[in-house]
Amino acid sequence: MKMSNASDGSREVREPLVDKHVAESKPEQPWMVYLSTFVAVCGSFAFGSCAGYSSPAQAAIRNDLSLTIAEAMRVSSAFCVVGWLAIFFAKGVVALDLGRLATGYGMGAFSYVILICTGVSVSFIIGTLVTWRVLALIGLIPCAVSFLGLFCIPESPRWLAKMGRDTEFKAALRKLRGKKADISEEAAEIQDYIETLERLPKAKALDLFQRRYIRSVIIAFGLMVFQQFGGINGICFYTSSIFEQAGFPTRLGMIIYAILQVVITALNAPIVDRAGRKPLLLVSATGLVIGCLITAVSFYLKAHDMAHEAVPVLAVVGIMMYIASFSAGMGAMPWVVMSEIFPINIKGVAGGMATLVNWFGAWAVSYTFNFLMSWSSYGTFIIYAVINALAIVFVIAVVPETKGKTLEEIQAVVNP
């Protein structure tokens, strides 16, 4: 645990991403740790399955249900509206649960990057083999595993300690580490961390606009804006439609897309700390620009009835370049940087607000994508290319390198 003194004398702490006791100890029962991890990531897999569902299924859904693009959009919006109204008017647990279900209950908690990509990719591949109704049923599997698995694993020891449930806290920690494991030192450190956190001033949303936090806010929110408005959700949700419009075999394109996404994300994970955050963001954004421009050229040639044989090839190369580049940096790095530039007392509020910005961008891009493509297919990708080019400028000018730096060192760079 690292501490520093803020300008107002309050103590700010930064929690290590990996607890040293977890890294150094050899639990007697590692299977419980593995089971807990598996259950947790099933949720992120379910999230990815949900995110990837629309791309292979949207054309069949529109045909089977005779829906126009606008009607399909309105159905999606209606679910959100009904969900929020159910929460607002809830008088009991049933209406509240239904409202939270309709608004995507708990999806933010499942945001583990690799398993989301895996879920998206599996949905893409399976979606080329089964109907959209069967695909929806298959999507229940990881949800069911996650739900049932939660009854088999212990509650978070840190949360129990924070709630003051000392007996349950030690029991949960012992269940994770093993009956004969010595948990005294780890338990003491967790308790010390919780006590330190409780002594810190409680942060509010308006605190984000204090001078000492404002540049961190600009960095975190800016990266979220560029991550989403660079087009990722529009392209991800409507990949099959893009390939179809370009004349490339949809099933083949979806399978290549799915495999590439998982491979690039998995290969990228070990090099994050070696390469640094900023270089990965720059390489990723540059690849996004190139991918968008190649795809734009493809649709420009098609719109002007030129080079017919090159159109599908350029389209698939551009989309693959785009998704590989996104998976290599812009997908994960904004979240990593956000977790590192805020002290722990403000991190919860800042993270919540940044996530809100991110999901607003996701909604805006996914909602407008089809309308933009109807206006101009190549113009859509030129717009995304320009936004990703601006992201390069933003990263160079504003985003600091956070690799291997303490909170104090990062704050010294952010607020010189």
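Using the three backbone atoms N, Cα and C, a Cβ is placed for every residue, glycine included.
What TrEMBL records for 1-403 is domain 'Major facilitator superfamily (MFS) profile'.
Taken from TrEMBL, the feature transmembrane segment covers 31-55 (among others).
TrEMBL lists 75-96 (among others) with the feature transmembrane segment.
Annotation source TrEMBL lists transmembrane segment at 108-126 (among others).
Under the heading transmembrane segment, TrEMBL lists 132-153 (among others).
Marked as transmembrane segment by TrEMBL: 217-240 (among others).
Residues or ranges marked as transmembrane segment in TrEMBL: 252-272 (among others).
Feature annotation from TrEMBL assigns transmembrane segment to 279-301 (among others).
For 313-337 (among others), the entry in TrEMBL reads transmembrane segment. Nonlocal intrachain contacts for the transmembrane segment (313-337), taken as residues 6+ away from its ends with a CB within less than 8 angstroms of a stretch CB, comprise 111, 113, 117, 219-220, 223-224, 226-227, 230-232, 235-236, 239, 242-243, 246-248, 253, 256-257, 260-261, 264-265, 268, 272, 277, 280-288, 290-299, 301, 358, 381, 391, 399, 402.
Nonlocal intrachain contacts for the transmembrane segment (349-369), taken as residues 6+ away from its ends with a CB within less than 8 angstroms of a stretch CB, comprise 73, 76-77, 108, 203-205, 207-208, 213, 216-217, 220-221, 224-225, 227-229, 231-235, 237-238, 334, 338-339, 342, 380. Per TrEMBL, transmembrane segment is recorded for 349-369 (among others).
What TrEMBL lists as transmembrane segment is 381-399 (among others).
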With a Cβ cut-off under 8 Å, give me the same-chain residues at least six positions beyond the ends of the transmembrane segment (279-301) that come close to it.
223, 226, 230-231, 242, 245-246, 268, 271-272, 307-308, 310-315, 317-326, 328-331, 333-334, 337, 377-382, 384-385, 388-389, 391-392, 395-396, 399
